[in-house]
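Chemist: Got a structure here, written out as structure tokens. Questions coming.
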Amino acid sequence: MQKLAVYVYIYLCMLISVHPLALDDGSQPTENSEKDGLCNACTWRQNTKSSRIEAIKIQILSKLRLEQAPNISRDLIKQPLPKAPPLQELIDLYDVQRDDSSNGSLEDDDYHATTETIITMPTESDFLVQMEGKPKCCFFKFSSKIQYNKVVKAQLWIYLRQVQKPTTVFVQILRLIKPMKDGTRYTGIRSLKLDMNPGTGIWQSIDVKTVLQNWLKQPESNLGIEIKAFDENGRDLAVTFPGPGEDGLNPFLEVRVTDTPKRSRRDFGLDCDEHSTESRCCRYPLTVDFEAFGWDWIIAPKRYKANYCSGECEFVFLQKYPHTHLVHQANPRGSAGPCCTPTKMSPINMLYFNGKEQIIYGKIPAMVVDRCGCS
């Protein structure tokens, strides 16, 4: 697929470059010409920066295959996220971006986001309600991003309430099936025995990869599961419907899928800051703040360093770009000239709510400008 980022930058470069040519032909050089040139450069960079931010908003929605920003209910956003280890690790040790120059060239980057981890919260199973006459946990709906042959890990996380004394807990995960002739409605998925000590409750993970893959291959077989965790006295310790003081302790599925990194080539370019007087093509810093957009459906990062390219590309320096140089030599009036664009970009990792109110952890390619050049 063609790289949208390249076309956006080339278009912006051509559009913005018109500004310096719109001067009055009768204007005369003055002693302030150098100062005016610096002001023009600042205005140019400001226009480029604003256009870059708008382009980023469009690219994120496009790369996540979203027609518009998800309309997530305020109640869901205010609801505490699961307090389990895998999600806390993603948030606490969040790798917003990598400045590793060995990864992520523009040419080798795929366009759409690659999903790495999906956190799926449970819903009530209509089939269970119909059978039992009351809501039961749990039923999981799955994103179309998950393909059965790409699943490398699937863990069901459940929270077990605290115990008052050393206790053996018997955990059983049952899969709901269509009633059989003998009345059987469940089949076992996993059973395990745990020794719990007094104190706070604990999170327990259970491997459900095989079950998930079967559900993905045969969606009609996904009717829900039931979670049981009884102590020696028959007390149910599993939090399935959180009570008072149990916010964020819902069971959930953590699914990890494959993501194959790609090799890239090295390139070099200029780095500048906003006070730089450099006129040549250069990379400038730019921080994108999602909260300023009102994009509260993005959990993390709330902001990231995107950077942008700005500056002049003189033909005298184009020995590195023979094709562009030949075009200009053949038709100097009809050639728009080279444009200062990204020559290397890297991805960002993002934790966000999708349109189905699932929490997705994925990698969005080509969102950070690492190097700029003329092309």
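Note: Cβ is positioned from N, Cα and C throughout, glycine not excepted.
Just so it is clear, the model here is predicted, and its values are computed rather than measured.
Got these off Swiss-Prot a minute ago, pasting:
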- Cys272-Cys282: disulfide bond (DISULFID)
- Cys281-Cys340: disulfide bond (DISULFID)
- Cys309-Cys372: disulfide bond (DISULFID)
- Cys313-Cys374: disulfide bond (DISULFID)
- Asn71: N-linked glycosylation site (CARBOHYD)
- 1-23: signal peptide (SIGNAL)
Chemist: When DSSP states are folded down to helix, strand and coil, where does Cys374 (disulfide bond) land?
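Modeler: The residue in question, Cys374 (disulfide bond), is strand (DSSP, three-state).
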Chemist: Nearest of the recorded positions to Cys372 (disulfide bond) by CA-CA distance, picking from Asn71, Cys272, Cys313, Cys340?
Modeler: Cys340
Chemist: Starting from the Cα of Cys374 (disulfide bond), work out which of the recorded positions (Asn71, Cys281, Cys340) are within 10 Å.
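Modeler: Of Asn71, Cys281, Cys340, within range: Cys281, Cys340.
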Chemist: Per DSSP, to which secondary structure element type does Cys340 (disulfide bond) belong, with helix, strand and coil as the options?
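Modeler: Once the DSSP labels are grouped into three classes, Cys340 (disulfide bond) ends up as strand.
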Chemist: At the Cα level, what's the spacing in Å between Cys309 (disulfide bond) and Asn71 (N-linked glycosylation site), rounded?
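Modeler: Approximately 32 Å lies between the Cα of Cys309 (disulfide bond) and that of Asn71 (N-linked glycosylation site).
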Chemist: Can you tell me the three-state DSSP label for Cys313 (disulfide bond)?
Modeler: coil
Chemist: For Cys281 (disulfide bond) and Asn71 (N-linked glycosylation site), determine the Cα separation and express it in whole Å.
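Modeler: Given the Cα positions, Cys281 (disulfide bond) is 39 Å from Asn71 (N-linked glycosylation site).
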Chemist: For the disulfide-bonded residues Cys272, Cys281, Cys313, Cys372, work out the Cβ neighbour count at 10 Å and name the residue with the minimum.
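Modeler: Among the disulfide-bonded residues Cys272, Cys281, Cys313, Cys372, the lowest count of other Cβ atoms within 10 Å belongs to Cys272.
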Chemist: Going by DSSP, is Cys282 (disulfide bond) sitting in a helix, a strand, or coil?
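Modeler: Once the DSSP labels are grouped into three classes, Cys282 (disulfide bond) ends up as strand.
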